[in-house]
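Engineer: Not my notes, these are from TrEMBL:
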- 50-272: domain 'Radical SAM core' (DOMAIN)
- C64, C68, C71: [4Fe-4S] cluster binding site (BINDING)
- S138, S272: (3R)-3-methyl-D-ornithine binding site (BINDING)
- E163, R182: S-adenosyl-L-methionine binding site (BINDING)
Amino acid sequence: MDIRNLINNIAFNNYEPSIDELERIISVNGDDMHYLFSVADKVREEYCSDEVQIRAIIEFSNYCRCQCKYCGLNCHNTEVKRYRMSPEEIVSTAKEAVDAGYKTLVLQSGEDMFYTKDMVCNIVKDIKAIDDIAITLSIGERSCDEFKAFKEAGADRFLIKHETADEDLYNSLHPHSTFKRRIQCLKDLKSLGFQTGSGFMIGLPHQTNRIIAKDIMLLKEIGVHMAGIGPFISHPKTDLKDCNNGDAMMTLKAVATTRILLKDPMLPVTTSLGVLEEKNKSLAFGSGANVIMQKVQPIQYRKMYEIYPKDTKDEPSVLAKRLELEDFIKSCGRKISKSRGDFGLLK
Ligand code: 5AD
């Protein structure tokens, strides 16, 4: 099949591509690549409207028990200054974000067992008492029993990326856990009724276009409600310090292909894509993305949450940052969502 027909058939006729066909799409360049982006943009408009969902993210602890070979917060990195926000501090930051207009809060941290099941539940309940806001947890692997308690406490969504769909590559990058365990977490979360998010990185060493095709197929098989797709960025304090960064165009192709195949998931413009180059963010909005996240924790913590190297300027207040982001979204020709932006309720 001609590549443009293939793209159209997937996007508009629900054609189910083979892994070979997905790999062909991921490999397009030049005009065909821009064609892919424009089709993804149409699908995004049809299923998600023109509204961009803005999420506030509170990175509340950078302690982590994991050994992810790509991540600057891995437990072997003794040079990173570690911090934990107290539950009170987390809830008051949440309040500030709500006052600035946010309707969704993402609570993210390293895998930090300091925050027990009960502590996480109480934080969720205290934030829920502020207003009708959606809460996403992004705190790593926990037992199914803990996931269930978080759901009962009021958490709406959970984000845990599969990182790569290649089992051997996954296991080599995560010596503390396994691919099977990660997929089990995603299945548990879905069956508990969470709006469930996964995602993966572009440009990991030994990744091929076929693996990226498998990543996208896996998102479809799991039936994710959101998927964060971002380039790998080399961090000097990790085993992968000498590896090249992932490619921005490949990242955009993966976002666009995910949009045409899955249709309605939440697809964020990832921060790492903006780290490569600021203008990638507006390109991502034109290639299928409909979500953006903004850090809202106090400035001293923003600097310390260094998964990968990035500039953290002395940024203005939570409200001023929100207004700046709204202007940027409007400059991309898009509108600002005023709702919680729940999966399935965008149109
Ligand atoms: N480059 C890009 N993304 C990274 N992540 C972690 N380390 C890196 C890196 N070096 C992403 C992973 C992880 C999330 C916390 O951040 O996808 O799930």
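Glycine is treated like the rest: Cβ placed from N, Cα and C.
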Engineer: Measuring Cβ to any atom of ligand 1 with a strict under-6 Å cutoff, which of the binding-site residues C64, C71, S138, R182, S272 qualify?
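Structural biologist: Cβ < 6 Å from ligand 1, in sequence order: C71, S272.
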Engineer: Between the binding-site residues S138, S272, whose Cβ has more other Cβ atoms within 10 Å than any of the rest?
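Structural biologist: Within the set of binding-site residues, the most crowded position is S272.
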Engineer: Return only the integer: C-alpha distance in Å from S272 ((3R)-3-methyl-D-ornithine binding site) to E163 (S-adenosyl-L-methionine binding site).
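Structural biologist: Spelling it out, the Cα of S272 ((3R)-3-methyl-D-ornithine binding site) and the Cα of E163 (S-adenosyl-L-methionine binding site) are 14 Å apart.
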Engineer: Report, as a single number, how many Cβ atoms besides its own are within 10 Å of the Cβ of E163 (S-adenosyl-L-methionine binding site).
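Structural biologist: Result for E163 (S-adenosyl-L-methionine binding site): 22 other Cβ atoms within 10 Å.
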Engineer: Determine, for the [4Fe-4S] cluster site, the additional residues of the same chain whose CB lies within 8 Å of the mean position of the CB atoms of C64, C68, C71; present them in sequence order.
Structural biologist: C66, Q67, Y70, G72, L73, N74, C75, G110, E111, I307
Engineer: Please report how many Å separate the Cα atom of E163 (S-adenosyl-L-methionine binding site) from that of C71 ([4Fe-4S] cluster binding site), as a whole number.
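Structural biologist: It is 12 Å, counting Cα to Cα.
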Engineer: Please work out the mean pLDDT for the residues of the domain 'Radical SAM core' (50-272).
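Structural biologist: That stretch averages a pLDDT of 97.
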Engineer: Quick one: pull the CA-CA distance for R182 (S-adenosyl-L-methionine binding site) versus S138 ((3R)-3-methyl-D-ornithine binding site), whole Å only.
Structural biologist: 13
Engineer: What number of additional C-beta atoms lies within 10 angstroms of the C-beta atom of C71 ([4Fe-4S] cluster binding site)?
Structural biologist: 22
